[in-house]
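First up is the structure itself, then whatever we jot down about it.
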Amino acid sequence: LANKESRPQDELAEEGEEVFRNLTEVKKSQIVMPCHANHRQELSVGQLLKWMDSTACLSAERHAGCPCVTASVDDIHFEHTIGVGQVVNIKAKVNRAFNTSMEVGIVVNCEDLFSDSHWRVCQAFATFVTQRTMGGKVQLRPLVPRTQAEQVEHSLAAERRRMRLVHADIMKDLLTNRAEKAVPAERTQVESVELVLPPHANHQVNTFGGQIMAWMENVATIAASRLCNAHPTLRSIDMFHFRGPSQVGDRLVLKAIVNNAFKNSMEVGVCAEAYQGEEPLRHINSAFMTFEVCDRDGKPCTLPKIQPEPLEGRRRYQEAIARKKIRLDRKYIISCKQTEVPLSVPWDLSNQVYLSYNNVSALKMLATRNNWVLNSEKNKVSLYTLEQKQVLSFKIEFEADVPAERAFMVLSDLSKRVEWDPNYEWYTEQRCELIRRVDDDDFLYRVVTPSISNQGGMVQDFILLASRRPPCDSGDPYVIALRSVTLPTHPPTEGYNRGEVLCAGFSIMEVSNTVSKISYFNQASPEVLPYISTDIAGLSSSFYSTFCTCSTFLQDNRDNPTPKDQPPSSTLNSTLL
């Protein structure tokens, strides 16, 4: 997936970096023929999903060395349509292999042969599992990233997996009991039966996931058309979750209905069930697709409201509202580049998992930059700087004679910062208030510190989301990430200058069983820069004394057990946030 036109993350690749071809990478190029198009002479999304799935499956099987099936597909946002005569270029490669599943990244570009122009259509992340043999599971070998871009995706794959696992819990928190009356939903119901034939299946006679998705897209489009009496356009698809296999000879029953209609969009729920002979129906897949209807100028039209069916219809109606909230949060936070996500994103339970993902992924991406410049070094404590897009970042790196896991537990306890940060010992009122313990790995704090630029006057405070992560695999770092958020319960107050932390935190790597390499990162905001500016300018070396004290503090506490489930204390004296 190393195409600068299709992957903003590839901006991480530096000029002169060795070009490496990932062995799991699979490419597919296909010219769009009339048989692939819809009534608008645009490539059918269902056909595109089939091509994406087959390409990704080949990539997964290259790594696994055995047959694989689609387990799920993350949200897909289609940025452009593809016309007849244009070329679809699909790239897929395995980003990370877990125990029995793997994430495959997919990028779809469109190419116009006459104008020689290229543009990105969509990006997707699919999860594949190995085909079970004799009832067992195939243990996958780890995937070793070779380039900087691959290291970023390898690291972020763990965060995306974490986000998938909590998706259902977020839905439960967002459901409400209110529904608006509108037109009946029954008339949008669609039911269709498809017979699975050999061309629809792989060499293991399992139905292609892409073929099932294509059939589901077809019935969803018909359901959406019945509500608006027009030709709708598919804008996005929520995560696909394949709940069971389908094989040649199965009859697939595909059902679709409009769950809810908003002002300019509607959500269509689709269910796929399979059976053979007299056996009961098997639930294969469910999906939620968002459609719009556009006028001749391409602007979304206003849609009629819908009256849900009793009981299950009302449940689907409310869940559609919750999913819309989730989509907006995810698109707003995750789909943006790191520099495009504003610091003032309000925190609440519905977007907690996405802000946490963004917090950790931003620190991991900053850590993988390979153009850090050594600014100064003293007794094995090094200060590095990085200037990029008019933003100055710094990194402080040293080794400590402490096991990595122990260093992670000690540094995660923010209340201990005062014990190794001597710069502010004189300030007696500084503190860190634990606002909320979200879970075992995420915490909300209000941090109060003196202002370096105005020591005799106003102090400053920060509302921080602290996210800590142990390694997913051997070779991964321990991560403690910090970023600013806003809370309605803690607005800026008189007498305090509200500061902002863009991206900061620790990355802790295991050097040996008794030694760890600790790196502190900060993408300096105006409120943070004064703390380090004199060191960067060479006028002082306070960073050296601070982190020497940190190293000593870690060694002094290497043998003191810290319960992993103990909540952080409510006091903190902090210098670099």
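Cβ from N, Cα, C; glycine included.
Bear in mind that TrEMBL entries carry predicted annotations, made automatically and left uncurated.
Source: prediction; values computed, not measured.
Feature annotations, courtesy of TrEMBL:
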type     : residues : note
DOMAIN   : 22-134   : domain 'HotDog ACOT-type'
DOMAIN   : 186-297  : domain 'HotDog ACOT-type'
DOMAIN   : 372-547  : domain 'START'
REGION   : 558-577  : region 'Disordered'
COMPBIAS : 567-577  : compositional bias 'Polar residues'
Local confidence of the domain 'START' (372-547) - pLDDT mean: 80
Residues in the domain 'HotDog ACOT-type' (22-134) per DSSP class, helix first, strand next, coil last, are 23 helix, 56 strand, 34 coil
What are the DSSP helix, strand and coil residue counts for the domain 'HotDog ACOT-type' (186-297)? 26 helix, 51 strand, 35 coil
